[in-house]
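*Asks:* Can you read through this structure? Questions will come right after.
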Amino acid sequence: MGNLKSVGQEPGPPCGLGLGLGLGLCGKQGPASPTSEPSRAPALAPPPSPPPAPDHSSPPLTRPPDGPKFPRVKNWEVGSITYDTLSAQSQQDGPCTPRRCLGSLVFPRKLQSRPSQNPAPPEQLLSQARDFISQYYSSIKRSGSQAHEQRLQEVEAEVAATGTYQLRESELVFGAKQAWRNAPRCVGRIQWGKLQVFDARDCSSAQEMFTYICNHIKYATNRGNLRSAITVFPQRASGRGDFRIWNSQLVRYAGYRQQDGSVRGDPANVEITELCIQHGWTPGNGRFDVLPLLLQAPDEPPELFALPPELVLEVPLEHPTLEWFAALGLRWYALPAVSNMLLEIGGLEFPAAPFSGWYMSTEIGTRNLCDPHRYNILEDVAVCMDLDTRTTSSLWKDKAAVEINLAVLHSYQLAKVTIVDHHAATASFMKHLENEQKARGGCPADWAWIVPPISGSLTPVFHQEMVNYVLSPAFRYQTDPWKGSASKGAGVTRKKTFKEVANAVKISASLMGTVMAKRVKATILYGSETGRAQSYAQQLGRLFRKAFDPRVLCMDEYDVVSLEHETLVLVVTSTFGNGDPPENGESFAAALMEMSGSYNSSPRPEQHKSYKIRFNSVSCSDPLVSSWRRKRKESRNTDSAGALGTLRFCVFGLGSRAYPHFCAFARAVDTRLEELGGERLLQLGQGDELCGQEEAFGGWAQAAFQASWETFCVGEDAKAAARDIFSPKRTWKRQRYRLSAQAEGLQLLPGLIHVHRRKMVQATVLAVENLQSSKSTRATILVRLDTGSQEALQYQPGDHIGICPPNRPGLVEALLSRVEDPPPPGEPVAVEQLEKGSPGGPPPSWVRDPRLPPCTLRQALTFFLDITSPPSPQLLRLLSTLAEESSEQQELESLSQDPRRYEEWKWFRCPTLLEVLEQFPSVALPAPLLLTQLPLLQPRYYSVSSAPSAHPGEIHLTVAVLAYRTQDGLGPLHYGVCSTWLSQLKAGDPVPCFIRGAPSFRLPPDPSLPCILVGPGTGIAPFRGFWQGRLHDIYSKGLQPAPMTLVFGCRCSQLDHLYRDEVQDAQQRGVFGRVLTAFSREPDSPKTYVQDILRTELAAEVHRVLCLERGHMFVCGDVTMATSVLQTVQRILATEGDMELDEAGDVIGVLRDQQRYHEDIFGLTLRTQEVTSRIRTQSFSLQERHLRGAVPWALDPPGPDTVGP
């Protein structure tokens, strides 16, 4: 803390937010301007010795060639020279004149803020507002955008109408951080981006002020792990008094004037102590009595509030080797929180904006305890040390001061309370200067305040010239509220009675923690392909509403630049395909990868490569990331905070361990948010759909909720709320739901667009053809669709098409027969839910559920709701409450609560909802339950099997028709929802669909590069588009591309050799050089798979194409095949390239980064059941191991011998 004033308040704030934040300007040069004279070394410093040769690593000497002159700034220690161009942006003159330097004044009158009877002229306010708004939009890289211009117009209109304007919350956050960044007297500014801003502009009374302040202290103290924070109360308004905090700091020790003129306690606080006594405080008589707060609402007298003792963390001081030191009875408080300075942002003034950081040890050890006008313990300590105090040449003052500072550091570290020594603080400031020179071209700094009170030239800042000037936003000193024109409403008429004081203390205790819950905003982002992540995010939103102000957004609805101003973000996301983001998360992913701070805090510069590839390659186990994390932890308070310095975050990933890159996108988002400076509140959660995903999410959500309310101090009863949300005894409440008749019926295509939130169009069937032999027991079909040349259905070979199928009519009718009290068959309905009212708020009301469009119950079950997937444990819990037979109720409860039993039941039976109802016939089935609790029927994705150049206006699909029996082949027959529907279509039938691009699975632009294509079964689908496109290039464009190699696999040459004639024709026309086929069930032949072909016949070619000719390899098929092919290729590269297996793995990683090893992986098939069972067993063992001693949602990543990454 800065300690330069002997009477009245102490002017300076903490190290975490600066050594003083004062604004006295260096008078050697007058106000900072383009014409300022070059700065010189401090006048009282000794003449510098000849500087050493400049360090070649220092910034080069770069004076702007033309235009105005800028201050020349030299570092006398290393000889480096820079020019402060930022000083040209200063709009305010300093206090100095050409004949007088006032730079050493603590409170230059010219720079103190005083309440004015007349508001600032609109032109002046508008000028400052425009400058600030431009700063803000430049910071988010939107300068000159339509949003920027629109915001300027809004501010101008508001000023014209009201004479002032209001900041948006994001602008307030930015402005508060910039004010800290611009504070010339602050040595700890490297952490400016980590300032937590609490918006208290809705405060209306002194009691509410106290509530905010208590929560500020609790949050910032954080049990000794201090966090920088600011609470901003309402701005100054014309014709109204100010909100003011009379105390100079939120925590201060009283100073009692004695009859002999001496002071017991802190002499700096005598005046505020006497004011507190006048307002009814009953003082103690100790040296370290914590003062109450005097808080003033506009035009009201100040009110007295005593801080609850449990809120103020204090540190008893002891010495590591001098045992007698503890007997001195010294102590100091942990949290330095300046409360009497004014915050100015864009011309708006906030007279009450307390801010806090952490101490630099010399603020306590040298200034507070040793200054003659403070506690003045220097000589007492020197005597105890047996030092000669009779002569200054014994340096007794210096020796005693060092030991006192050592005691302070030792005591705070022993108590685990954040503190920084002056050497570390000044070294971090030098790094901050370097950062700011690169980012802004300069940094305002007051040399007299930056250099610490001891060690002078032993610190690097002593040798650094500095330029002092005023930038906006800024912190400013202001006159005491009980003096002069600021004293309106401050008169003291009487002392408060004991009862009134007791009531004030009672209010102090009761108000703590009651407001923050409504004020801390939480943003919940989801990325989802199937809707499950969205459902989980909505559950999370309901949970966080118990203690926060949450909003739930899809990633594609969220502006990523808002992350810099967020307080708490929770991410729930799935991973699509080959480790990619879900489609509605792609824009978020790209923007997140492009984000950087003022100084990029990433562990390494980003290379120019696909963000999808980057997401697949980032992991928490990355050694570079681990090294960066370790370094960041060691220098938490002395290093740059990063772009997301104030963000706290938690991430949960959904996935399946059957797929490579399990939860890859979630892991990458988790790592990237930390790289950008965010603080992880909870380790990454992962939910495996093969084993206990719902339980994993429930456990993670409760843990995330607890970590969040502990971090933001929003109330101790939040844990009970979490248990209520995820309680296994939740019941279906019929009275909370109803169906309402709707006038308008369903239009299918707009309805699908509403449900899936994506653009969708309708294609028409041209033909459906079975590609397998009539002797085959299975079917694979070629579906030809007419696109009508619609722009929305334009595609490239390798892309995917999404199809929205209906459920089978027979299944729908059987389910309808089980619904109790259904609505009339042809009547469109909507579900309405009874929203609870709140005390003082709106009464209970019926609100329509927006998930589905108005439609009949039959239409909902046919087109929008998933009735074939096994019901989730949550749905089974609800069904158990609707069962009339107690035995069925108990069985359903057991299934819903025992994860292992549920997974075994689901895996063996794979039951549809109808089969569950047949197994538990006493369950009643309300229509609203179906419409609100069933998951959405998701689109099915297929690789496009054609090229637009070969078949204009058409899209072809290659689809395996799925039919199988559950229960080891003895259960009911199940059909693939989409494949069965497609197989039954006739020419002219409509097909709702959309295109999903796959830019990472396309032939290289250079046709001369060799390519190897590997695709068994329907994995050949995208390659048909490849060869059709190449044929078109050969015959229409005259190109001569390099012949490709195709490796295909099927069961039997006479049954399911798909597209054999087409492939042979393409080979004869020069598209393929080699075509090899693996038969797994060919009579009188051994089983052969595509990976066997690669190993036995193509090993040399694989190595040559990938390592020597910069060629490409494409793999398409199910997850088991793709993993086996990958392992085979790795072994081939190791053998043919004479390298270790790990080295070959690194080569494949490079190939993926270069987008030369491509994978198009689709879901589980019947053939993968054995492998999937093994993965489920591994998942169960992981879960059980964690249940014995850890948490089920933080599953370990699979080992190198498992199918997962």
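Cβ atoms here come from the backbone N, Cα and C positions, even for glycine.
Below are the features listed in Swiss-Prot for this protein:
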type	residues	note
BINDING	C96, C101	Zn(2+) binding site
BINDING	S104, A448, W449, F462	(6R)-L-erythro-5,6,7,8-tetrahydrobiopterin binding site
BINDING	C186, Y477	heme b binding site
BINDING	Q249, W358, Y359, E363, N368	L-arginine binding site
BINDING	S528, E529, T530, R532, S574, T575, S656, C663, E689, Q693	FMN binding site
BINDING	R778, T1018, R1051, S1080, R1081, K1087, Y1089, Q1091	NADP(+) binding site
BINDING	H800, R940, Y942, S943, T958, A960, Y964, V977, C978, S979	FAD binding site
DOMAIN	758-1004	domain 'FAD-binding FR-type'
LIPID	G2	N-myristoyl glycine
LIPID	C15	S-palmitoyl cysteine
LIPID	C26	S-palmitoyl cysteine
MOD_RES	T497	phosphothreonine
MOD_RES	T1177	phosphothreonine
REGION	100-488	region 'Interaction with NOSIP'
REGION	492-512	region 'Calmodulin-binding'
*Asks:* List, in sequence order, the residues of the same chain other than S528, E529, T530, R532, S574, T575, S656, C663, E689, Q693 whose Cβ lies within 8 Å of the centroid of the Cβ atoms of the recorded FMN site.
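*Replies:* Output for this site, in sequence order: A533, G653, L654, G655, G687.
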*Asks:* Over the residue list Q249, W358, Y359, E363, N368, recorded for L-arginine, what is the maximum interresidue Cα distance in Å?
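*Replies:* That value is 15 Å for the farthest Cα pair.
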*Asks:* Given the binding-site residues Y942, C978, R1051, state which is nearest to W449 ((6R)-L-erythro-5,6,7,8-tetrahydrobiopterin binding site) when distance is taken between Cα atoms.
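*Replies:* For W449 ((6R)-L-erythro-5,6,7,8-tetrahydrobiopterin binding site), the spatially nearest of the binding-site residues is Y942.
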*Asks:* Tell me the Cα distance separating C101 (Zn(2+) binding site) from H800 (FAD binding site), rounded to the nearest angstrom.
*Replies:* 72
*Asks:* State the Cα to Cα distance, in Å, between C186 (heme b binding site) and Y964 (FAD binding site), rounded to an integer.
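*Replies:* Counting only the Cα atoms, the answer is 71 Å.
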*Asks:* Tell me the Cβ contacts of K1087 (NADP(+) binding site) under 8 Å, same chain only and six or more apart in sequence, or just say none.
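*Replies:* Counting only residues 6 or more apart in sequence, the Cβ neighbours of K1087 (NADP(+) binding site) under 8 Å are S1080, R1081.
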*Asks:* Measure from the Cα of C96 (Zn(2+) binding site) to the Cα of every one of the binding-site residues Q249, W358, Y942, T1018, Y1089, then give the nearest.
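*Replies:* Closest by Cα: Q249.
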*Asks:* Which of T530, Q1091 has the fewest nearby Cβ atoms, counting only those within 10 Å, among these binding-site residues?
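*Replies:* Taking T530, Q1091 as the binding-site residues, the minimal 10 Å Cβ count falls on T530.
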*Asks:* Whole-number answer please: how many Å between the C-alpha atoms of T1018 (NADP(+) binding site) and T958 (FAD binding site)?
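*Replies:* Computed Cα spacing between T1018 (NADP(+) binding site) and T958 (FAD binding site) is 6 Å.
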*Asks:* In the structure shown, which of the binding-site residues N368, S574, T958 has the fewest Cβ neighbours within 10 Å?
*Replies:* N368
*Asks:* Count, for each of the binding-site residues R778, H800, R1051, R1081, the other C-beta atoms lying within 10 angstroms of its own C-beta, and report the residue with the smallest count.
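*Replies:* Selected from the binding-site residues R778, H800, R1051, R1081 on minimum Cβ neighbours within 10 Å: R1081.
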*Asks:* Between the binding-site residues W358, Y359, F462, Y477, Y942, whose Cβ has more other Cβ atoms within 10 Å than any of the rest?
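*Replies:* Per the Cβ count, the most surrounded site is Y359.
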*Asks:* Quick one: pull the CA-CA distance for S528 (FMN binding site) versus C978 (FAD binding site), whole Å only.
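*Replies:* Pair distance, Cα basis, whole Å: 20 Å.
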*Asks:* Whole-number Å only: compute the distance from the Cα of T958 (FAD binding site) to the Cα of Q1091 (NADP(+) binding site).
*Replies:* 22
*Asks:* Would you identify which of the binding-site residues Q249, S1080 has the most other C-beta atoms lying within 10 angstroms of its C-beta?
*Replies:* Q249
*Asks:* If you count Cβ atoms within 10 Å of each one, which of the binding-site residues E363, E689 comes out on top?
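*Replies:* When each Cβ's neighbours within 10 Å are tallied, E363 leads.
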*Asks:* Round to a whole number and give the Cα-to-Cα distance in Å for the pair S104 ((6R)-L-erythro-5,6,7,8-tetrahydrobiopterin binding site) and Y477 (heme b binding site).
*Replies:* 15
*Asks:* What's the CA to CA span in angstrom from N368 (L-arginine binding site) over to A448 ((6R)-L-erythro-5,6,7,8-tetrahydrobiopterin binding site)?
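*Replies:* That separation, Cα to Cα, works out to 18 Å.
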*Asks:* On a count of neighbouring CB atoms within 10 A, which of the binding-site residues C101, C186, A448, C978 is highest?
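*Replies:* Answer by Cβ density within 10 Å: C186.
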*Asks:* For the binding-site residues listed here (W449, Y964, Y1089), tell me which residue's CB has the most neighbouring CB atoms inside 10 Å.
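*Replies:* For the binding-site residues W449, Y964, Y1089, the Cβ with the most other Cβ atoms within 10 Å is W449.
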